[in-house]
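One structure is given here, and the rest of the page talks about it.
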Amino acid sequence: MKTPFITSKKLAEITKQFPTPFHLYDEKGIREKARAVNQAFAWNKGFKEYFAVKATPNPTILKILQEEGCGVDCASYVELLMSHKVGFEGSDIMFSSNNTPAEEFQYARELGATINLDAYEDIAFLQEVAGIPETISCRYNPGGTFELGTDIMDHPEDAKFGMTKAQLIQAFKELKALGVKKFGIHALLASNTVSNDYYPELARQLFELAVEVVAETKVDLDFINLSGGIGVNYRPEETANDIAVIGEGVRQVYERVLTPAGLGQVKIFAELGRFMLAPHGLLVTKVTHKKQTYRTYVGVDASAVNLLRPAMYGSYHHISNMSNPDGQLEVVDVVGSLCENNDKFAIGRALPESRLGDTLVIHDAGAHGFSMGYQYNAKLRSSEILLREDGQAQMIRRAEKPEDYLVTLYGFNFEK
Ligand SMILES: *Cc1c(COP(=O)(O)O)cnc(C)c1O
């Protein structure tokens, strides 16, 4: 079972105040998660979680994470700008971009962000457009497949990110000659892993690489960035990752590989997005229509523009009917209103009977949810609401209005 972080009664008050659909975030859960992550890595003196802004780019959320000691991981100009306005500065900002425009490198340098170079070829580009900083990180891609036991978790060889080992060693040598004083190594080799073994195995690969690279290049290795990839249990039968177990797993590899090699000062960084926020956000929507043809359809007022993952990846998101939790089960497709047949939040799902006006919550929508939203069919982006620790609901982003959609268009006067 998946239990929403809010009661039906409390949610009914909120839906009276704010029209659906909206994303609802849980401040308490977010803070507890950040504390658990920091606690799990407290054994490492320099540990820092740089929240991946792309997962949930809202300043109020970023501020909460900042208060819990997190930094931010950015990959675009506006992510940098938003983070700067929230008050992140210098080494609190990781800039892990790829195929990076010159202005973004320039802006990242201006803010003193730590640049994580995606490509060997970026050295010359960065030097030309923004200059080489004193601290720099390089992103590694080992190629091949990433395996845990007999399970293939992902295919780094097909990923556009990172550089080969030979390139990374060459990059460190050249960057050192160009005046870089402190170095970092970064890799993200599998996405949404529901396993406590991903980080420890990634750590083993990166720590062994680090020992080899430092021996060959004699650089001052300041940090190793394990990046994102720790996933969430979207399906109710899956077991949630245990960050305490993960942190301990990484510690053991650290003691076994890095400490004996004289690298016991190296800081561990993370850039978790999904793990930090996904379970602490719900997409709240109401049943607006029912339709019976060859299948039974439950029409809701949210659509794929509010949560793209099911349409794009066929992802499972659990759904609870908050108005009729004990209703008779019926097998339905839960659909949005786009003129696009993949606009379905669930296909052939047994749910308690959905009645017109019922409130449904779609679970684990707090990361890569709102942020992957779009405006197909001239649908407008919905609002984001934060459930504060004191129980108050606060709007932290209003829904778009028609004029927001029209404002960038030339050649017509919409005022008339
Ligand atoms: C997307 C991304 C992350 C966050 O990944 P999650 O799976 O959401 O934790 C971290 N770092 C980089 C460079 C990314 O592209």
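Heads up, residue numbers simply count up from 1 along the chain you see.
Each residue, glycine too, has its Cβ placed from N, Cα and C.
Copied over from TrEMBL:
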type     : residues : note
ACT_SITE : C339     : active site, proton donor
DOMAIN   : 30-277   : domain 'Orn/DAP/Arg decarboxylase 2 N-terminal'
DOMAIN   : 279-366  : domain 'Orn/DAP/Arg decarboxylase 2 C-terminal'
MOD_RES  : K54      : N6-(pyridoxal phosphate)lysine
Among the recorded positions K54, C339, which residue has the fewest other Cβ atoms within 10 Å of its own Cβ?
C339
Number of helical, extended and coil residues in the domain 'Orn/DAP/Arg decarboxylase 2 C-terminal' (279-366), per DSSP:
7 helix, 40 strand, 41 coil
Distance, C339 (active site, proton donor) to the residue listed as 'N6-(pyridoxal phosphate)lysine' (CA atoms, angstrom)
27
